[in-house]
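Per TrEMBL, the feature region 'Disordered' maps to 1-28. Look at TrEMBL and you will find 70-88, 94-113, 125-148, 160-186, 198-220, 263-281, 318-337, 418-435, 442-463 tagged as transmembrane segment. As annotated by TrEMBL, domain 'Sodium/calcium exchanger membrane region' applies to 93-281, 319-458.
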Amino acid sequence: MAAPRTNGINPAGANHDETAPLIPHHNHNHNSRNSPLLPISHEGESGRTGFHPLHFLLVLWRSSSPISSLVNILFPFVPAALISRIFFSHSHPLWTFALSYIGMIPSANLLGFAGQELARKMPKVAGILIETTFGSIVEIILFVVLIFNHDEDEEGGNMVPIIQAAILGSILTNLLLCLGICFFVGGIRHASQRFHAIVSEVGSGLLLVAAFGLLIPSAFYSALKSEARVVEVVIGEGMKVVMPLGNSDEFTLGKLKDDVLQISRATSIALILSFFMYIWYCASSQHSIFDEVIEADEHRDADREADMEKPKFTATEAVIALFLSLVCVTALLIFLVDEIEHVVHSGVPDQFLGLILLPLVEKAAEHLTAIDEAWDGVINVALYHCLGPSIQTALFNGPLVVIVGWALGKPMDLNFEIFMIGLLVLSILVISNFLRDGESNWLEGALLVIVYGITAIACWYYPNPDVASSNSFEGLEIINGTAANILRELKQLLTGL
C-alpha cells in the first residue's frame, strides 16, 4: 500500500487546529469551462498532454527517488530473462530464474512509480484506492500465478506451502527488514526520530487482528490433530494396537481437512471485509491515519520542493507505464514460478524460497521508497510504507488467494506451519515493543535486521514439507497409512498363530 499524499495542500495557509478531510469538497464557483471532467491535482500536474517518448524515458529514469533511479540500471535483465526463457529454459532453468528475479526489481519499481504518478492526478479518495491497488499488485499476481500452477498430483506441483510461506514472508520482510533498515538509515542521519502515535497504535492493532484471523485455522487444526491422528485399541490383556481413526463416522481426517478449508474460506471473507472497512475509514474519517501522517510530516520532507519541481508523467504516459510494467511483472513472475521446482531441487528449501526470496523482490519498490523517506526524515510516511503493505497482505492479499483457489477448485487454506506461526507472532510482539515509545534510533533498526537475519538462517535449514511437516495433512496420512499397514501385519500374525 503506497504512502499518503498531500495533494498540494499548503500547510502555511491551513488551519492547524483542524485536519483536512480526505473526501474532497469541490468549489462549484470556479470556471468549469477550463476544467477537465476529472480535474488534475496540483501535485500531479505535468503541464503537458499526450505521449512524448523522450520525456517519458526521462521521467521513467529519474523515478521517484535517487535510490529508485539507480534500480533502473537493472532493466537490461528483463529482456535477458525473456531470451533465457525462450532459448535456454530447458538447459539452464536456474539462469532463467535468476535473470527473472533480478528483472523483477526494476519492473516492480516502475509499476509502483507509475501508480503513484497516476494517483497524484486523481481526487484524494480515488488516488488512495489507486495507490492501494498498485502498491500490492505484484504480490497479488504472484499469489494468483502460484495457485494457478498448483497441482497436488504432479511431482513438485504442490504450491500451497510456498504460497503460505510467501504470505507470512511478505509480512515479516516489511516488519523486520524494511522497518529495520528505515530505523537504521534514519538514525544515522538523525540521532533519533519521533513518529506519530496513531501510526504505531493503529498499525500494531490491525496487525494483531490480522494475525488472529490468519492463525485461527492453524489453531483449530493443532487443537484437533491429535484426536484425528490415531487411536489405541485394546485387543487383549497387555496387548494394544495403534490404528488410524479414518474409519470413524464421527471424526475423520477427511472431515478435519474439510473443516479447516471451510474455516479458512470463511476467515478470508471476514478479513477482506475488514480490509475494505479499514480503507473506507481511512478515506472518509476526518481524523484518519492518512490525515495524521500528512499533518505530522508535510513540513519535514527535505526533498519536497525538489520533488514538486521534477518533471512528471502525463495521464497518458502514466497509463502506458502501468501497462508496460504490468506486462513485464506478469511475464517475469510466470518465469519465476515455472522454475521453482528446479530451484528447490537445486537445494533451496521451500520455506526459504517463500519466506525470504520471493518477498524481497515483490516488495522492492515499497522498500526503496520507505528507505528514501526515512533518510529524508519523514519517518511517519516511512513507517506507513512498512506497516501498510503488511496490513494489506494479512487482510486482503493472503485471503484473496484463498478465494481464488476456491473459485479454481484448488484447496488453498490458511493452515500454516507451527514454525511460521511462531515467527509471525514473535515478530509482531517485537515490533509492537519497539513502537511503544514513539521513537526510533539506529540501534533498534540494527536489532530488527539481525532478527530478520536469524529468521533467514532458520528458514534455510527448515526441511521441506514433503520431508517434515508440523502442521499439515500429509504427515497424518503417512502416519495413518503406516499404522494401517502395521495393523494388517498384526492381524496376519495373529491369524497364523
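Glycine is treated like the rest: Cβ placed from N, Cα and C.
Heads up, TrEMBL stuff is auto-annotated, nobody curated it.
According to DSSP, the domain 'Sodium/calcium exchanger membrane region' (319-458) comprises 116 helix, 2 strand, 22 coil.
Stretch with the most C-beta contacts under 8 angstroms to the transmembrane segment (70-88), considering only 160-186, 198-220, 263-281, 318-337: 318-337. Looking at 198-220, 318-337, 442-463, the range that has the most CB pairs within less than 8 A of the transmembrane segment (418-435) turns out to be 198-220. Count of Cβ pairs under 8 Å against the transmembrane segment (318-337): among 94-113, 198-220, 442-463, the largest is for 94-113. Long-range neighbours of the transmembrane segment (198-220) within the same chain, counting only residues 6 or more positions beyond its ends whose Cβ lies under 8 Å from a Cβ of the stretch, are 167-168, 171, 175, 259-260, 263-264, 267, 270-271, 274, 278, 289, 292-293, 380, 383-384, 387-388, 390-391, 394-395, 398, 413-416, 418, 421, 424-425, 428, 431-432, 435-436, 438, 471. Sequence-remote contacts of a segment are chain residues at least 6 beyond its ends whose Cβ falls under 8 Å from one of its Cβ atoms, and for the transmembrane segment (442-463) they are 172-173, 175-177, 179-188, 349, 351-352, 355-356, 419, 423, 427, 430-431, 434.
Under 8 Å from some Cβ of the transmembrane segment (94-113) lie the Cβ atoms of residues 2, 60, 63-64, 68, 71-75, 77-78, 80-81, 84-85, 88, 134-135, 137-138, 321-322, 324-326, 328-329, 332-333, 335-336, 339-340, 342-343, 346, 357, 361-366, 368-369, all in the same chain and six or more residues away from its ends.
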